[in-house]
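The domain 'ABC transmembrane type-1' annotation in TrEMBL covers A:90-305. Among the features that TrEMBL reports, transmembrane segment is placed at A:26-48, A:94-115, A:127-144, A:182-201, A:235-255, A:292-312.
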Amino acid sequence: MNPESKTGVAPVYVKKHAKGATKEAVAGYLFAAPAIIGFLVLTLYPMLASLFYSFHKITILSGSQVMDWIGLDNYRYIFNNPSSEFKKSITVTLIYAFVNVALVIFFCLIIALLLNRKFIGRNMLRAIFFLPSVVPMLATTIVWQMLLQNQAKGGLVNWLLLQLGIAPVEFLTDPIRIFETLFIMSLWTCGGTIVVFIATLQDVPGELLEAIEMDGGNAWHKFLKVTYPTIKPVLFFQLIMCMMTSIQIYTQSVVLSRNGAPDRMTYFINVMIYDHSFVQVGMRGLASAEAWIVFLITMVITGILFYFQGSFKRDDSMGKRKRVRL
Amino acid sequence: MKFGKRNLVLSLALTMAFSALAGCSGNSNNSGNAKNAATEAPKASEAAADKKDVSAKDVTLELLYWGDDVQKKLVEAAAEKYTADTGVKINAQVLPADGTFDTFIQTRLQSGELPDISYMGEGDIQKYNEMGILADISDLLKDGSIPEKLPAITIHSPEQKVIGVGLSNQMELLFYSKSKFDEAGVSYPPTKVEDAWDWDTFVANAKKLTKDTKGKTAADAGFDASLTENYGLGFTAGREFHHFWAANANGGGIVSPDGKEFQWDSPKSAEGIQKLADLVKDKVASPFTYTWSTGIGSAVDALSGGYAMAISGSWDLANIKGNEDIGVGVLPKMEKAVTMNAGAPLVVYNTSKHIEEAKKFYAYMVNPENSLELLKSGAWLPNQADWYTDPALVDKWTGDLPESAKETILSYSTTKDAIVQWPAYYVPAYLKMNTEYEKSIDQALSGKKSVKEIYDSIMPAIKKLWESGKVS
C-alpha cells in the first residue's frame, strides 16, 4: 500500500499528472493535425469517393456529371469482358515489378558492399552512382530514349553496334527488349537505395567481422553471418518501397511509347487507369474499380511480404528488444 | 489516454464529416453550375442581347490554347489587338501542346470553370459535343461573320450543327533530303498530285536510298538488311493519322465522308497499310519511334540523320526554314494520289457567361489575317479555300516557304478529291474505335504480324463501336 495515499498528496499529484498528460496529448494532436487532416482530406476521402464511383457509370451530359448506379458491373467488366485489358495490364505490371525489385535490391546491395570498402576514389564513385537518382525520371527517360532509339534517328548505342558490324537492337520497339530498357533505366536511377544500404552497412559491427576473419572465414561468411543479419530490416523496408514504386510505374511508359506500344507491353496499370479516367469517355467509374483492385493486389503483396517479415528481423547479439507501452 | 482517444476520434469524425460535406457541396455546386450554365446559356445570350448598356469593357473572355513561345507571342498579340479594337479583355492562357491539354479541360469541366473559348484536339471534339458543352456556331457561318472555311476542317455534330472550324489546315506531306537524293542519283519527288510516283516507283527509289554499313543500297545485290544504316523512308508509327492516307490511296478508307459506310475493314484498306508495313519489314523504312507526345526532334531532323524521306504533317514546314537541303513533295500514289488533313479547331463553350462576345472573338481568331505570322512560318496552313486560289492571298503566306512546299500544298488544295478528311472530325465513336486500333496496329507496322491478321482480330469490335454512333 502506498503510504502517501493516506496523506492526500497522491490524488493531487495524480490530478496534476493527468492534467499535464492531457495538455501534452492535446499539443501532440495539434502537431499531428495537419498530417491527419491532410490524410483525411487528400487521401482517405478520395479513396472512399473512388470506391463509391467504382459502383457507378459516370458520364457527362449537358455539362453536368451523371452517375448511374450499376452495382458490381465495373468489376464484372474487368474480370469477364474480353475487351477489358486489366489482366494484361496487371500481368505486365507485376512481371515488371517482381523482376525490377529483385534486380534493384541485388544490384544496389552489391554496389553498396563494394562502395563500403576502403579504396581511393570511393567518395567520387559514391557520388557517381547517386547522381542519376536526383535527375527527374522524365529527363532520364528522354536521355535513354535518345541513346537507344534507331541509329538513323541518332541513337548512339545502335550506331556503335553498327560500327562494330553488329545488327542494331530494337530496344524501344521489341516487346521483350523494351523491358530490358526499363530495367536498365531503373538500375540507373537506384542511387538512393545504394545510399541507404551504404548507411546501413556502417552499423555492421567491425569486431564481429574481424572475429570471422580470425576464425578463417572468407568474405561470403562475413556477409552471411554478420552483414546480412544486420541489414535485414532495411532490406525489408527497401523491398516494400521498391515493390510499391515499381507497381506505380508510369512516366517511362508515357515517354517511351504511345498506347503501351509495343504490343501493349508498356500499358502498365497506372497508365491504363489514367487513360480510362482522363482520356476515354464514360470510363471514370471503371477506372475507380481498377484502382481499387490494384490497391487490393498491392495490399496482398505487401501482406505476403510482411508475413515473411520474420526472416527480415535483425537477429543481432543484443537480443530481442521488447516493445514498451507507455 | 482515454480522453486523448476520445478527442482523436471526435476530431477525426469532424474532419471526415467536414471533408465529406465539402466534397458533396463542391460536387453539387459544380454540377449545378455546369447544368445551370448549360441550360441557361441561351438565356444568358438573350440577356446579353437585351442588356446593351453593359459595356464591352466589363467583359473578360478566357481563352485556353496550346503552343510554343512563337505561338504564344502571336496569340497574345492577336488578343491585345482585339482588346484595343473592341474593349473586350482577353485572358489568354497557354498550355503545352500534348495530352495534358485535354486533361486540363476535363479538370476545368469537373470544377465547373470552363473557359469561354479554347483550342481542342481533333479527336476530342465529338467527345465534348456529346457532353453537351460546345456551342453551336452555325450562326456565325450563316450571317457571314466567318467566311466559308475549308469543308475538310469544318466540324459538324451528328445533328449537323457546326461545332468548330479548324484554326488552321494541316496535311500529310513527303519531306526529303535533297543531298541524299543527289548522292543516290534519284530524281526528287514530284510536287503535283497528277505526277505522283506510283507505288512501285516509290519503292524502287526508296530502295536506292537505303544503305547498309558497307555502302550497298537495298537495290544492290549483296545488301545486308540487318546492317541497314540509312533508311529510304521514315514515318511515325504511333499515330494513325500518319498512315491512314495509305488506306485511302489504295482505294479503301476508314469511314466514308458521309459517315454511312464503314470502310476500315475492307481488303483494300488493309492492303494499303500492309504496303507501308512491308517497307518496314524489308528494312527500307523504319518508324521513327512509337512516340508522338514527346517525340525527340521533328521528322525533318530525321532527314539530317539516317532517313532520306519522311512522311509527316505540314506543321514540320516551320522546322525547315533556312534548311536548303529539305524539299517537299506529294505522297506516292497507289490506286490514287491522296493525302489526309487535320487542323485543330477552336470551340466556344456554351457554359460561357458572355457567349455572344465569345462568338465574336471566335470569328476574329479564325480569320487567317490574324494568324499571318503562323501561316508564313509554315506551322499553319490557311483554313479558307480562297487563300489557296486567290493569287494575292496566296502570296501573303507562301513567300517564305520552299518552292517545292508551296507547289505541293497548292496542288493538293486545288486538285479535286486529293485531300481526305480525318474521320476524327465526323465519326462520333472515333476516339474509342481508334483506341482499339492503336492497341494492336504497331505489331503490323513493325512487321511482327500481317495487317490482315490484326484486322481480323480487332475489326469486329471497332465496327460495333462505329455502329453505336456514340462517343461513350
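Just so you know, glycine gets a Cβ as well, placed from its N, Cα and C.
Counting Cβ pairs under 8 Å to the transmembrane segment (A:94-115), the top-ranked stretch among A:26-48, A:127-144, A:235-255 is A:235-255. Distant neighbours of the transmembrane segment (A:26-48): 295; these residues of the same chain sit at least 6 beyond its ends, with a Cβ under 8 Å from one of its Cβ atoms.
Ranked by Cβ pairs under 8 Å to the transmembrane segment (A:127-144), the stretches A:182-201, A:235-255, A:292-312 are led by A:182-201.
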